[in-house]
Amino acid sequence: MLNIKWIRENQELFDEKLSQRFIEPMSSKIAMLDGEKRKITCLIQEFQHARKVKSKILGNMASKSGEEFEGLQRDVKHINEKLEELEQDLNNNNELNELLNMLPNIPDEEVPYGMDESMNKLVRTYGETNPNALNKQHFELGTKLNLMDFEQTAKISGARFVTLKGDLAKLERALINFMIDVHTKEFDFFEISPPVLVRDNAMYNAGQLPKFAEESFATTNGYRLIPTAEVSLVNIVADTIIPREKLPMRYVAYTPCFRSEAGSSGRDTRGMIRLHQFGKVELVSITTTEESKNEHEYITNASETILQKLNLPYRVMLLCTGDMGFAAKKTYDIEVWLPGQKQYREIASCSNCGDFQARRMKARYKEFGSNETTLVHTLNASGLPIGRTMVAILENYQNEDGSITIPDVLINYMGGLQKITTYSE
């Protein structure tokens, strides 16, 4: 959520930042609604003060009867009725909060202006892409190996699900353990095993609700399946005040993730690129205002390191204003090279959300000996999605005979297996 005080004091700049997100000016409407809310709040405070004064006089009166006493009683009763009416008006005046809840984060000054991914800025590349490399797509390779099943799985769960078998299931498990080990041992992230069912308020805190309600799966009894472990991890600090010396707090978690993929009809309908259920290792950092920028580079480096150790070619893109996620103020996308598609595809997003999520979930920190609190900054990064990493391995490590060479760093995690070959039932 955006800072209403900042909007109030920077209306022209606020509208300019909204225009960079291709949103019409909102400052005038917000100022009007904010003014109405503040007026009601001021009246409530005045009536509360008047009630306190009159109640004190009533309590100190020697005679609990008579015209003066009864008149004061009537005054207090009238004040209570008026307060109830005003508080009801305040509770019903949801338009301001509803409007603020639908507005995305303000872009950082370093974010390039642009409407879509074509305007993203190349930051760096890693590894070499070979235009003459073997170029079968991952789903061709997986099904030929008899270790990736879409057809039978569709009978069980419908489209956008997959069943992995044998050595591919083992590769999935190896990747999870490898990624967690790198992040905990080399980057000092603390491993968490969080719930994947959360309440709506947790989704709201993370910026998933109300705007993206249709993109998540909801149960019939008030829970939602997480679209990313970011939701569970950032909420660890909801409604807390953290001692400054404990920051940064860095969390890593592997979870299954669930997305309805609303609006993705016709996109990536084959294979494992876009599934309703997928596994992902997620990174979250909680830090201070001053360290936020450096922490963004740190968490991005952690994600990149996984691809470097797997020797997968990739590039890092700085997203433009029109391509950034809702809660982000600045985002790097990491795109891995897929020979089967002959293009780079997104494999990770690394975002600095500033105090946007923290304001929603009331997460603060304070210096030792101080009573003043400051909103934390939250950052998140994919570290990485297991399915898309497996896609990249299958396509970049494929052999002429359809077998898949295991990347060196995964051989021990695969129990010494160096190559995945066709499974014969």
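Glycine is no exception: its Cβ is also placed from the backbone N, Cα and C atoms.
Annotated L-serine binding site per Swiss-Prot: Thr228, Ala229, Glu230, Glu282, Ser382, in sequence order, evidence recorded as sequence analysis. Packing around Ala229 (L-serine binding site) is summarised by its Cβ count: 28 other Cβ atoms lie within 10 angstroms of its Cβ, all protein chains included.
Residues annotated as ATP binding site in Swiss-Prot: Arg259, Ser260, Glu261, Glu346, Ile347, Ala348, Ser349. Counting every protein chain shown, the number of other Cβ atoms lying within 10 Å of the Cβ of Ile347 (ATP binding site) is 25.
For the ATP site listed in the record, the two most distant Cα atoms among Arg259, Ser260, Glu261, Glu346, Ile347, Ala348, Ser349 lie 19 Å apart.
When the binding-site residues Thr228, Ala229, Glu230, Glu282, Ser382 are compared by Cα distance to Glu346 (ATP binding site), the shortest distance belongs to Ser382. For Glu230 (L-serine binding site), the same-chain residues that are 6 or more apart in sequence and have a Cβ closer than 8 Å to its Cβ are Ala206, Glu282, Val284, Asn380. Considering only the binding-site residues Thr228, Ser260, Ser349, Ser382, the Cβ with the fewest other Cβ atoms within 10 Å is that of Ser260.
A 10 Å radius around the C-alpha of Thr228 (L-serine binding site) takes in these binding-site residues out of Arg259, Ser260, Glu261, Ile347, Ala348, Ser349, in sequence order: Arg259.
In this structure, the CA atom of Ala229 (L-serine binding site) is 12 Å away from the CA atom of Arg259 (ATP binding site).
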